[in-house]
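Noted in TrEMBL for the protein shown:
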- 58-92: domain 'SAP' (DOMAIN)
- ASN222, GLU253, ASP369, ASN371, ASP466, HIS467: Mg(2+) binding site (BINDING)
- TYR329: active site (ACT_SITE)
- ASP369: active site, proton donor/acceptor (ACT_SITE)
- ASN371: site 'Transition state stabilizer' (SITE)
- ASP441: site 'Important for catalytic activity' (SITE)
- HIS467: active site, proton acceptor (ACT_SITE)
- HIS467: site 'Interaction with DNA substrate' (SITE)
Amino acid sequence: MCSKRPISNLSTISSSINEEKKSKKLKGLKLAIPDSEDNVVKENYQKIQSFKDDLSKIEAMTVQELRTTLRNVGISAKGRKPDLVSALKNFVSKHLDGGSSQEVEQISSNCTKNISLQNKAGNVLDETINTVSEVSSCKQIKRRGKHFPAEDETVKADSGIITTKKKITIKTAEVSVTMPQAEPWTILAHKKPQKGWIPYNPRAMRPPPPEDAKFMKLMSWNVNGLRALLKLEGFSAVELAQRENFDVLCFQETKLQEKDVESIKQCLIDGYENSFWTCSRAKLGYSGAAIISRVKPLSVSYGLGIPDHDSEGRIVTAEFDSFYLINAYVPNSGDGLKRLSYRVTQWDSSLSNYMKELEKSKPVILTGDLNCAHQEIDIYNPAGNRRSAGFTDEERQSFGTNFLSRGFVDTFRKQHPNVVGYTYWGYRHGGRKTNKGWRLDYFLVSESIADKAHDSYIVPDVGGSDHCPIGLILKV
């Protein structure tokens, strides 16, 4: 009763639908659907346009209403309510200012159409056909299923409804249109978010500088190769200094050799005449750390004073009037966790003891890439990284035992106990675009000066490395 031979005149269907939609002259994707669906699109547009003058209407919508509205304009409707609200607001602000109904019609939507096809004998068959129509042409129709009309059967298109000798259900292909997110860190990205967690938004969460007290602004950045960073088009240390107006900048993973230091100094910033560098001797072009300051330190030292730890150029310590600043690039436990034992049984305890010894004279600030996401809130996918370097139980326990339990305070977590903010995004999976990251960079301070930390912050919009800068404004 039902022929299994393929359609030979699918191009006729494509051409007919193309002619029907040709007058639209849209730019972008639009599905070949009946005119009644066009009315739905216009109704959706009118509804969304009403949000432009009163964005509070969006916040009052239910989750189901938000998801339905987002799907109607072709935007992903995944996530919790704050994510959905943010996505819809972003669409309204970017695409309705000065726009027209055509802009909404350009967005692909997902829909299912029942198209009646009957043969002369009155036999009917339900089938599924995927159609993708682009701009003014229906470029392809892909069939899914087992039964097809016979080659000698007539097929014609009329106002988007295809009539032939069988009844077929036509399902449009799902076209996902993801709106670019200019500030992905403002969207909560976590595999297992807990109630009350919110994303870090520096524009909303950073307090203004203190007006009634002196302060120092310290910054830290794992640059993942300083020479490569300086070669990047658009990068300017001068612009960073002008924007942040920091007093001290700490670099980790400079990957410099000692012979490179003098030439690199010439590329840095006027007004920051004091710079102190340590390079790896055990492996050239590896590790490395530096402190750049416009305030001249009272003293500077390198390493922990333990030869077994000091050959890789990982520690620079600068003494200022009211504190010691330690810039550290903590060893990564490595592929296969080859250095995990060294890290948690030797390095962490040696660094902790060094900090406690300095603390006998004045408070201590430890900053840098500490290569540990301490809590589940500090990593996008905690369950999937239990045995990954930087999130093993051993490293997290060592972080707590050697630093937090010995009186050093995580300033960012103290200021933002329920905020998801990352400082590292791996290149491999493009994690920065979707904010799937880790918080590996810290400012830890002696408990005696924890209350003087005015602002511990992340600067997620600065690129050039797989880490972003972090900062601490400390009242002095």
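Residue numbering: from 1, along the chain as shown.
Quick reminder: no glycine exception, Cβ is built from N, Cα and C everywhere.
Here the features listed in TrEMBL are placed on the structure.
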{"residue": "ASN222", "record": "Mg(2+) binding site", "Cβ within 10 Å": "25"}
{"residue": "GLU253", "record": "Mg(2+) binding site", "Cβ within 10 Å": "24"}
{"residue": "TYR329", "record": "active site", "Cβ within 10 Å": "25"}
{"residue": "ASP369", "record": "Mg(2+) binding site", "Cβ within 10 Å": "28"}
{"residue": "ASN371", "record": "Mg(2+) binding site", "Cβ within 10 Å": "24"}
{"residue": "ASP441", "record": "site 'Important for catalytic activity'", "Cβ within 10 Å": "24"}
{"residue": "ASP466", "record": "Mg(2+) binding site", "Cβ within 10 Å": "20"}
{"residue": "HIS467", "record": "Mg(2+) binding site", "Cβ within 10 Å": "23"}
Around the Mg(2+) site formed by ASN222, GLU253, ASP369, ASN371, ASP466, HIS467, list the extra residues of the same chain whose Cβ is within 8 Å of the site's Cβ centroid. ASN224, GLN252, TYR329, TYR424, LEU440, ASP441, SER465
How big is the Cα-to-Cα gap, in Å, between the residue listed as 'active site' and ASN222 (Mg(2+) binding site)? 8
For the domain 'SAP' (58-92), jot down how many residues DSSP puts in helix, in strand and in coil. 24 helix, 0 strand, 11 coil
Roughly how many angstrom lie between the C-alpha atoms of ASP441 (site 'Important for catalytic activity') and HIS467 (Mg(2+) binding site)? 8
